[in-house]
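The next block holds one structure in the form of structure tokens; read it before the comments.
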């Protein structure tokens with residue numbers, strides 16, 4: 001998610017954000033296909049057809065086009081000065097780069113279209129912003145980076161687990177990211193699918209851990225996912241990226257994975273269908289005790305966490321008052337930028 005100061009987008013912007021994301025995406029591309037674990041449980045792997053992932057991507061692109069149509073840069077002050085870029089796009093042209101370096105609309109348009117704005121959620125009773133903000137993007141650069149990652153990660157999860165489970169994780173993690181964001185971000189607005197995206201990554205991680213027994217090349221997969229998550233959270237430390245959405249989305253997805261992505265343990269499928277072949281280990285129970293334990297703990301935590309978050313938000317709590325150091329999770333001061 002990108003968070004934008006309400007006046008305008010800051011000038012120092014994020015070429016390195018894009019580059020580092022592209023690096024992981026390319027690395028993703030290789031790793032998600034090649035080092036993602038292959039199952040040892042033989043041919044019982046149903047492959048689903050992934051249709052929801054492209055629908056999500058198309059929806060985000062369509063929303064962006066509508067936002068640019070409504071933004072109508074030539075009609076604004078920038079347009080009067082002839083600063084919209086590139087001019088031949090006319091109504092769909094972007095705000096001047098000094099205002100929004102990501103090639104996108106003004107922050108006031110994003111706010112009008114449903115960006116996450118704490119004061120409007122809490123005082124203005126506009127709770128829908130918790131959901132709408134995850135479909136908006138701050139610019140073409142932001143949109144492409146996020147959609148590239150949604151395609152890479154979403155396709156794999158949806159093929160493996162079907163659209164219902166993947167869609168649930170995407171939406172609930174997006175909501176979890178928005179809730180945490182609204183509790184902590186006081187004076188900026190936030191848009192983007194990154195909370196949902198980090199939720200998919202978190203679920204991929206917990207799925208790997210809880211279904212550990214059925215995967216062959218699991219360590220490579222584990223390090224791949226951890227590496228991508230680490231980079232995403234590091235990017236979130238930049239001043240204009242909303243790391244609370246990243247963290248909230250990641251934790252929500254991570255917990256949900258233990259609950260809805262559990263698979264039968266190694267040896268179960270063979271023992272169910274046929275006599276044990278060549279001494280393959282016979283699993284007596286469908287799931288092992290560890291899976292049950294993780295399921296229970298994660299279910300309690302995710303339901304409890306979301307409930308507490310929503311209640312705190314409704315009461316208008318400010319997360320920064322309750323946690324004095326938490327703002328460091330979103331932005332670290334350096335000589336290059338202030339928070």
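The backbone N, Cα and C atoms fix where each Cβ goes, and this holds for glycine too.
Along the domain 'Peptidase S54 rhomboid' (125-261), the predicted structure has mean pLDDT 94. Summarising the annotation, TrEMBL assigns domain 'Peptidase S54 rhomboid' to 125-261.
If one looks beyond the transmembrane segment (48-70) by at least 6 residues along the same chain, the residues whose Cβ comes under 8 Å of a Cβ in the stretch are 91-92, 94, 104-105, 109-110, 112-113, 135-137, 140, 143, 146-147, 150-151, 154-155, 158-163, 166-167, 170, 193. As annotated by TrEMBL, transmembrane segment applies to 48-70 (among others).
TrEMBL lists 134-155 (among others) with the feature transmembrane segment.
Panel annotation: around the transmembrane segment (167-185), residues 1, 3, 52, 56, 116, 118, 121-122, 129-131, 133-134, 154, 157, 193-196, 198-200, 202-203, 242, 244-253, 256-257, 260, 305-306, 309-310, 312-313, 317-320, 326-327, 330 of the same chain, lying at least six beyond its termini, place a Cβ under 8 Å from a Cβ of the stretch. Per TrEMBL, the feature transmembrane segment maps to 167-185 (among others).
Through the fold, the transmembrane segment (191-212) approaches residues 1-2, 4, 37, 56, 60, 110, 115-116, 133-138, 142, 146-147, 149-150, 153-154, 156-157, 161, 166, 169-178, 181, 218, 221-222, 225-226, 228-229, 232, 241-242, 245-258, 261-263, 265, 290-291, 294-295, 298 of its own chain, all at least 6 residues removed from its boundaries and within a Cβ separation under 8 Å. Taken from TrEMBL, the feature transmembrane segment applies to 191-212 (among others).
Per TrEMBL, the feature transmembrane segment maps to 219-238 (among others).
Note on the transmembrane segment (244-262): residues 1, 161, 165, 168-169, 172-181, 183-185, 190, 192, 194-207, 209-211, 229, 232-233, 236, 287, 291, 294-295, 297-299, 301-302, 305-306, 309, 329-330 of its chain, located 6 or more positions outside it, place their CB under 8 angstroms from a CB of the stretch. According to TrEMBL, the transmembrane segment annotation covers 244-262 (among others).
Feature annotation from TrEMBL assigns transmembrane segment to 292-314 (among others). If you look at the transmembrane segment (292-314), the same-chain residues 6 or more away from its ends with a CB under 8 A from one of its CBs are 121-122, 172, 175-176, 179-180, 182-183, 206, 209-210, 248, 251-252, 255-259, 262.
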Query raised in the report: Counting each residue once, how many in the domain 'Peptidase S54 rhomboid' (125-261) are helix, strand and coil under DSSP?
Result: 107 helix, 6 strand, 24 coil
